[in-house]
Amino acid sequence: TSFCNLRMPLIKGKSARQTLKEKGLWEEYRKSHPYNPAAKFYSSGTESMTNDADLSYYGTISIGTPPQSFSVIFDTGSSNLWVPSVYCNSSACENHNQFNPSQSSTFQWGDQSLSIQYGTGSMTGLLGSDTVEVGGISVAKQVFGLSETEASFMTYMQADGILGLAFQSIASDNVVPVFNNMITQGLVSEPIFSVYLSGNSEQGSEVVFGGTDSTHYTGTITWIPLSSATYWQINMDSVTINGQTVACSGGCQAIIDTGTSQIVGPTTDINNLNSWVGASTDQSGDAIVNCQNIPSMPDVTFTLNGNAFTVPASAYVSQSSSGCMTGFGQGGTMQLWILGDVFIREYYAVFNAQSQNIGLAKSA
């Protein structure tokens, strides 16, 4: 068979933070749902996710015969696929697309239930299998979750569900992930996928399954071996500013996570990093800076397995109508660093499931 790389375009849509601010609900929401990016990585045996109010990249997949369409977050920090179902009465399901198994001739029920922990609640549901179409690839007999209950914060997210791209070792119920099935069903020419996240424009971001797109990066790809094939986890040597170590002293573990909007680390490290760049943290945990200071703020360098990856202030500060804040978020006591969308916008990321390494190159 001849392969072409299969492109999954992502739309950069409105984040929950933007939606809530427009409705005048943001401050109240943040008080009752404090940001807990680490929640996704705490729970044992259940697949978890965070109440990330700034996620904004979505792609459309379809499930069933005939196809039913869903927008999902392509999440390299988790491993299950799930979507809302017609069995769900939560408010979050009512304003999102819901899968109806009775309308698909290829659907089959599984024999297990699914429970996914969130920072502020959970998603529970049932497992079934069906044909899942992603970027022109039809994956047969993919096991996925059909939600029955969903945490309330999902109401404000644009995406209907999540498509996890991490390893089976952390999948809830040991479900085989979508990308594993693409490989074993011979649907991709190489066991790799790559992610490009555009900066400001709504269009242009994409996941390519089976290869890379050289128009999305400049220079060469630096390959970094995984330290653990669970998340896409690697060794980070240090976080430095002007050659001075400001965080991750003596080394730490980091994951490349498309499903987290910020760069997240242990709270003490993040507070130190934010104060070094001149940010002050407000009561909701946002690190506020004066927008006029961006040109004079320092670069931050993340050294991964001996290779330096520098992120300038223009990339780590986000601007909105209500001011500017850094993209460095507090992860509590968790020692794992999460290099999320703030980092991936700067560095095109290639994920090789077979040789178990990550390639990073400067985004074009």
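Note: Cβ is positioned from N, Cα and C throughout, glycine not excepted.
What TrEMBL says about a protein is an automatic prediction, not a curated fact.
Taken from TrEMBL as is:
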type     : residues      : note
ACT_SITE : Asp75         : active site
ACT_SITE : Asp257        : active site
DISULFID : Cys88-Cys93   : disulfide bond
DISULFID : Cys248-Cys252 : disulfide bond
DISULFID : Cys291-Cys324 : disulfide bond
DOMAIN   : 57-361        : domain 'Peptidase A1'
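For the pair formed by Asp257 (active site) and Cys93 (disulfide bond), distance between Cα atoms is given as 25 Å, rounded to the nearest Å. Cys88 (disulfide bond) sits 23 Å from Asp75 (active site), counting Cα to Cα. Put simply, Cys248 (disulfide bond) is 25 Å from Cys324 (disulfide bond) when counted between their Cα atoms. Taking Asp75, Cys93, Cys291 as the recorded positions under consideration, the smallest Cα distance to Cys252 (disulfide bond) is found for Asp75.
Of all the recorded positions listed here (Asp75, Cys93, Cys248), Cys248 has the Cα closest to the Cα of Cys291 (disulfide bond).
Here the active-site residues are Asp75, Asp257, and the one with the most other Cβ atoms within 10 Å of its Cβ is Asp257.
Fewest Cβ neighbours within 10 Å among the disulfide-bonded residues Cys88, Cys248, Cys291, Cys324: that distinction goes to Cys291. Annotated pair Cys248 (disulfide bond) and Asp75 (active site), C-alpha to C-alpha distance, rounded: 24 Å.
Comparing Asp75 (active site) with Cys93 (disulfide bond), their Cα atoms are 20 Å apart once rounded. Of the listed disulfide-bonded residues, namely Cys93, Cys252, the sparsest Cβ surroundings within 10 Å are found at Cys252.
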